[in-house]
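Engineer: Let me begin by handing over the structure; questions about it come next.
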């Protein structure tokens with residue numbers, strides 16, 4: 001052993017001697033600076049080779065499945081979980097999610113293969129292999145193009161969808177009405193002010209005559225993205241092209257900014273998807289994937305499945321453990337998966353739906369607050385702020401997948417029936433409101449079978465013709481736990497409910513549901529709409545406040561500030577299509593509202609602001625106009641008003657089963673051949 005050690009030392013000494021001679025020889029011939037450059041280049045080349053080998057080894061890892069429990073398996077998919085599939089060099093930390101983080105505690109019996117369908121019949125592993133072969137060495141732009149080209153697993157949407165005419169649906173085929181011309185002029189006035197004073201900024205501040213970026217969006221030109229499909233639908237095609245060119249060529253999403261997940265999903269991601277839907281321009285898919293990958297960590301890094309409140313657009317870091325029910329958005333990611341072929345988006349959404357199914361309270365309702373890390377739900381049951389979009393999306397998710405997923409229909413029907421039976425409180429003979437709870441006895445269903453839609457219809461028929469129970473009697477119903485009390489505050493944000501009830505009514509009517517069931521939902525829609533209408537007619541300006549407080553058979557102002565809220569005009573638009581023969585009644589009210597908007601919100605130097613007090617207008621009162629022109633003024637309010645007055649019944653008809661609007665009024669195509677079905 002000693003001899004071997006000596007020989008080793010001699011060889012090592014010779015090696016050092018020769019290396020030293022070579023070092024000085026190179027230095028004498030090319031100079032010491034040149035010698036340093038050569039050595040540095042060799043070291044860099046060696047490091048590059050090592051990193052390439054490590055990256056190849058990582059990409060070759062096959063994350064085919066993760067076992068959640070003996071009774072619940074959630075297949076995650078092939079290839080690395082963190083793909084570099086965006087234009088602007090997203091740098092996201094590689095993270096192999098654990099079984100606990102990838103599956104709910106109890107998804108259901110058997111196996112839940114979430115989002116593994118492929119309409120082409122090709123296996124997912126074959127798709128992944130094809131992508132992986134071409135992915136290595138491709139530029140970021142080429143990677144996105146590879147993700148969106150026609151390969152097995154990606155749903156190619158044709159000019160016609162489900163028998164409906166895409167061109168016919170998104171372009172009005174009849175002449176504009178006079179009301180539409182006036183509303184289009186309002187759209188142009190608001191848009192022109194933004195272009196001149198705030199182009200590229202998130203918001204226009206009409207009073208200050210400037211633009212500003214908002215921390216919610218992180219400087220992503222939110223007004224342009226939110227308004228682009230409105231420009232198309234109202235026929236402002238030159239303005240649409242200007243917005244399109246900016247989004248596709250100039251809008252940079254790679255920003256070191258922590259943005260709010262919910263608002264960016266419905267406005268930014270939703271706006272890009274809506275622009276693709278109305279125009280058919282597939283470049284919007286690439287931009288939507290860029291946005292989607294940046295928002296996805298809020299869902300994928302969550303161990304419970306509920307999304308974090310904030311996500312960094314550059315690093316993918318997340319924060320905000322406390323979120324509200326309304327901020328758990330799903331439809332945008334499922335639609336993005338359908339049109340891009342990237343099943344990670346559908347997996348994250350489907351996983352959350354399965355978790356939510358287990359977390360619902362008795363009779364399908366949900367508490368409003370969620371602790372993301374633990375997945376625990378607390379707080380009251382709310383239908384306005386903090387709860388609204390969730391219930392709306394249960395219905396719209398079912399519609400968006402061509403009414404092929406009965407679980408979603410059953411979840412919506414159970415929730416809607418409970419709202420009408422236990423939360424619809426009469427204010428007088430003609431007006432009612434859907435009351436939030438002011439105390440709730442906890443009782444989760446803990447895996448109990450969800451009643452079928454047919455069973456729910458029978459239950460709805462039983463209570464539709466009976467007198468409304470007093471709010472304090474709501475705990476007495478077959479021994480089941482009920483709200484212990486109701487809130488007397490009603491928010492304008494909840495004025496979307498008449499539209500939701502009406503859409504559900506119209507869809508079920510066309511499916512031949514029972515008259516008693518239909519009547520319950522129709523009456524609820526009409527009575528809540530009358531309440532929302534009186535929020536406008538009872539003020540000095542003819543505009544609605546943020547909230548009112550119920551008192552006996554009337555109400556008083558609670559928070560009196562106001563903007564051009566979209567919820568009530570959304571309900572007017574939907575009801576005008578569902579009840580087509582009664583459309584003039586809804587239009588009369590819409591006419592009063594847009595006239596009041598023009599009179600009190602308009603800033604003569606450009607744009608539409610809000611009011612500090614709906615009973616004290618700036619002209620002749622002590623009120624004042626307040627900033628800003630929110631993105632939804634163009635994205636929702638003016639869009640709904642324009643659609644309300646169309647005499648072309650097929651133009652953006654929500655009963656067409658060709659499209660469905662997300663909560664920010666962005667249209668998504670209905671896809672019956674859903675390659676990523678919900679399986680809980």
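For all residues, glycine too, the Cβ spot is worked out from N, Cα and C.
Straight from TrEMBL, here's the annotation block:
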type	residues	note
TRANSMEM	37-56	transmembrane segment
REGION	462-486	region 'Disordered'
DISULFID	495-532	disulfide bond
BINDING	663	Ca(2+) binding site
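Could you tell me the structural context for the features on the list?
Structural biologist: Its own atom aside, the Cβ of residue 495 (disulfide bond) has 28 Cβ atoms within 10 angstroms in the protein chains shown.
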Engineer: Between the Cα atoms of residue 495 (disulfide bond) and residue 663 (Ca(2+) binding site), find the distance and write it as a whole number of Å.
Structural biologist: 13
Engineer: Just how many other Cβ atoms lie inside 10 Å of the Cβ on residue 663 (Ca(2+) binding site)?
Structural biologist: 25
Engineer: What is the total of other Cβ atoms whose distance to the Cβ of residue 532 (disulfide bond) is within 10 Å?
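Structural biologist: For residue 532 (disulfide bond), the count of other Cβ atoms within 10 Å is 25.
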